[in-house]
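So the structure is just underneath, and the comments pick up after that.
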């Protein structure tokens with residue numbers, strides 16, 4: 001949908017990063033490449049960005065999908081009891097979208113049409129590969145995605161048994177996307193008889209205003225989603241020297257003229273490697289095209305897109321999520337009030353299923369995974385140790401969990417209500433304390449400005465005067 005842009009639209013620094021790649025790098029012959037690359041393909045899985053398996057962030061789950069893993073770093077005082085759990089989940093492992101399947105079909109057809117060459121075993125292997133993806137699969141939840149959600153539900157129930165005990169009310173919401181609705185149902189099914197809700201099955205309520213807030217934010221849609229210029233750093237990196245090197249290498253392995261490939265086709269080949277691993281748990285022949293160094297470049301391309309479209313690139317990306325942020329605190333406030341009045345907590349369990357695009361802006365709004373320097377087309381090497389790595393933050397089945405505790409035997413009334421945040425089942429350090437537990441009062445005080453002054457309607461209104469998007473952003 002978007003037209004490719006020249007590097008000049010990103011300013012002089014991006015232009016410098018896109019100097020023509022004059023000398024073609026020396027590559028080993030395709031035959032030697034194929035001997036080397038299967039060994040490396042096992043090391044690719046850490047670089048799949050938003051298409052990463054959940055097991056990449058929690059490797060212990062490969063051995064036992066119900067394991068709670070290494071002991072959590074910080075322990076709560078014994079006198080603290082959980083009052084409310086609010087879980088924001090990304091859907092489980094999904095199939096590629098129709099657009100990705102179409103591009104893969106184009107690339108595969110190109111390989112089928114080429115005459116077999118002894119020098120191109122990779123091309124022959126991939127031509128023989130069965131193209132089993134159909135466009136009707138379009139981003140739907142895979143069987144592995146159901147398992148992701150069922151296992152997550154069982155682990156959370158094991159981690160917080162008091163909250164998931166019988167007769168506790170579960171509120172389950174989802175975005176309108178099929179993969180999210182199915183993920184919500186799988187989460188509910190994973191709880192099984194452990195959550196005794198009588199004969200009534202918990203319905204999954206659709207709530208796009210919270211789970212797909214970005215669709216309802218006119219400023220984000222006009223100035224980022226539908227704006228060619230907004231992704232200029234991504235476009236510049238696609239044309240830059242690092243991607244050029246990967247492009248030439250893949251073209252060489254496939255015995256294709258380099259002009260027949262582009263960054264999007266190479267990326268779809270790389271993501272097919274990721275899909276086969278996540279969906280089928282196999283090492284696909286597509287993986288043989290890439291070394292670990294190539295994977296790092298392609299991960300950066302994915303992260304650049306996430307950064308500029310969902311992360312810190314533009315303020316509106318994160319400000320559009322204030323509606324969700326405030327809703328979280330409204331429910332926590334209500335639970336605190338009910339507890340103080342000795343009433344039962346009306347919503348002890350709130351589980352909502354959305355997308356990587358739901359979680360990433362919210363985490364940016366809260367200031368997590370922010371690097372000192374923005375991710376740009378020309379600072380790939382400097383960003384080697386960046387905090388913003390989408391595969392570590394929002395893999396499939398990613399989850400951000402807020403847990404509110406009531407604590408007895410405390411020195412001050414302020415310490416009576418405490419909060420913990422877990423990302424992908426690991427306690428997070430709060431910015432204001434550098435601890436994994438905070439008093440609820442301190443947490444609210446730290447985010448006071450967002451809670452009081454971030455108004456979705458005003459944030460998302462399009463500017464009245466006709467100014468250029470980049471000036472506005």
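Keep in mind that glycine also has a Cβ here, set from the backbone N, Cα and C atoms.
Now, the feature entries from TrEMBL:
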- 1-42: signal peptide (SIGNAL)
- 80-407: disulfide bond (DISULFID)
- 273-287: disulfide bond (DISULFID)
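Other Cβ atoms within 10 Å of the Cβ of residue 273 (disulfide bond), summed over all protein chains shown, number 25. In this structure the alpha carbons, written CA, of residue 80 (disulfide bond) and residue 273 (disulfide bond) are 45 Å apart. Look at the disulfide-bonded residues 80, 287, 407 and count other Cβ atoms within 10 Å of each Cβ; 407 has the fewest. The distance from the Cα of residue 273 (disulfide bond) to the Cα of residue 407 (disulfide bond) comes to 48 Å. For the pair residue 287 (disulfide bond) and residue 407 (disulfide bond), the C-alpha distance works out to 51 angstrom.
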